[in-house]
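Undergrad: Below: one structure in structure tokens.
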Amino acid sequence: FLGAGKPPMYGDYEAQRHWQEVTYNLPIRQWYFNTSDNNLLYWGLDYPPLTAYHSFLCAYIAKLINPDWIALHTSRGYESQPHKLFMRTTVFVADLLVYVPAVILYCFSLKETSTKKKASIWDVALCILLYPGLILIDHGHFHLGLALWAVLFVSYDWDLLGSVAFCLALNYKQMELYHSLPFFCYLLGKCFKKGLKGKGLVLLTKIAGTVVLSFAVCWLPFCTDMEQIMQVLRRLFPIDRGLFEACMFSSPPPCCKLANIWCSLSVLIKIKNIVAPQTQLKLSFAVTFLSLLPTCVKLTVQPSLRGFKFALVSCALSFFLFSFQVHEKSILLVSVPVCLIINEIPFMATWFLLVSTFSMLPLLLKDGLLLAYAVTTPAFLSACVASFAIFEKTSAEDLHLKPFSLSLKGYVSWFKSFPKILRILFLLSVTLMGVLSVLSAAVHPPQRLPDLFPVSVSVISCLHFLLFWVYFNVVILWDSKNSRSQKKIS
């Protein structure tokens, strides 16, 4: 485990253990407050209430096995093989109960694929479950599993269940805000289609009531007074940390290893030094909002299930690239929706998922996961090639770019060579990522440029993500109405 045996913080493993210690031994009203028994500078709770309840449940089980694991104060830095086995088991059980079933049931819900060679349900499920990013980083995808359940429910028009599932996901990790606008716009668009003077108004009222009730249940213990609510919100959104969320914890600083636009630009322009913190917040909000706007408007006006899934990707990628306080692991919030459309655009989805894993390379090296990265990434690529024959899926039709190519009119002839160009770019991209991975792991950078490889990884990944962002927005904005979804909504 990263940080094991290294006081005073011990690492992320200790954070998870410490939350169990706090939630079990202290009353709820003290969970998010700084007290003599709860030093918030020592891995204080900074996730929504559902995470705290989950920690309490795990702590209750831990208490039955060995009370020393969660003893107040004296358990700090506790590390033993039985406890590590327990912690891993809690993650594994949560995945088996929530995430894995959601993936498999989602794959069963896929009636057909847009590719000429249809992949089987189990091929799709295998490729999703083999995605290296989720295996290597934070393999406890409770909130992602809840979000997948929400997508699954919504795809069957079980909108109230979908709303409950997504509210639970959002109340487990606040980063689920990355997916919130597509859910909101899609459901609102469905209400508009049904008519806001009839069935649409009824559906809108039911959804609004469901959301309010779900939040009320999750937050009920913290609603005793306004100060409790405000303190939880301050812990969830610590804007005082600045534009680069992890600066105070990381070395090298995140601007050297985070593949979003602000950190990549900071290589040339020291944004933190020339832009005031409040201005940074306003700037990132404005750019993020503008980047989201076209997709959200299109989804609201023309709601379709395919458009909804593509919007999940586009909006999450906008948040990752342009928003405030992004962590390198946040790319997983983009990758999971990409996994959901891997059967529709296997070539681009596979490419994106490879880049997303590569973008976390500095973090993987820091965590000692080089061997795991070197094994899981080729395995994932091989599974995608075998399942989807991705190199045969590069035509404009396969990439959902036919409406866009037709709109080019005089440039259509040039577009005919696009598949070949795309395959060449893919091979160059994979080769570049492979070379940089080897250099990062085996070669010492020049003394004058100690962050050469992390910077190179972040900038190259960011350029990829910008191109993917353009691609996904083009697909969404040029997509005609999905007639099947429209009939279903009507």
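Here the Cβ of each residue, glycine as well, is placed from N, Cα and C on the backbone.
For reference, TrEMBL lists these features for the protein:
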TRANSMEM  85-108  transmembrane segment
TRANSMEM  120-140  transmembrane segment
TRANSMEM  146-170  transmembrane segment
TRANSMEM  200-222  transmembrane segment
TRANSMEM  307-324  transmembrane segment
TRANSMEM  331-358  transmembrane segment
TRANSMEM  370-391  transmembrane segment
TRANSMEM  424-443  transmembrane segment
TRANSMEM  455-478  transmembrane segment
Undergrad: Pairs 6 or more apart in sequence, C-beta under 8 angstroms, 3 or more of them: is that satisfied by the transmembrane segment (146-170) and the transmembrane segment (370-391)?
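TA: Taking Cβ pairs at least 6 residues apart, the transmembrane segment (370-391) and the transmembrane segment (146-170) are not in contact, as fewer than 3 fall under 8 Å.
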Undergrad: Using a cut-off of under 8 Å between C-beta atoms, tell me which stretch among 85-108, 307-324, 370-391, 424-443, 455-478 contacts the transmembrane segment (120-140) the most.
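TA: Highest pair count goes to 370-391.
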Undergrad: Considering only Cβ pairs within less than 8 angstroms, which of the stretches 85-108, 307-324, 370-391, 455-478 has the most against the transmembrane segment (424-443)?
TA: 455-478
Undergrad: Same chain only, please: residues at least 6 beyond the ends of the transmembrane segment (455-478) with a C-beta under 8 Å from a C-beta of the stretch. Say none if there are none.
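TA: Residues packing against the transmembrane segment (455-478) from afar: 256-261, 263-264, 267, 291, 294-295, 298-299, 307, 310-311, 313-314, 317-318, 320-321, 345, 348, 352, 355-356, 358-359, 361-362, 399-401, 403-404, 407, 429, 432-433, 436, 440.
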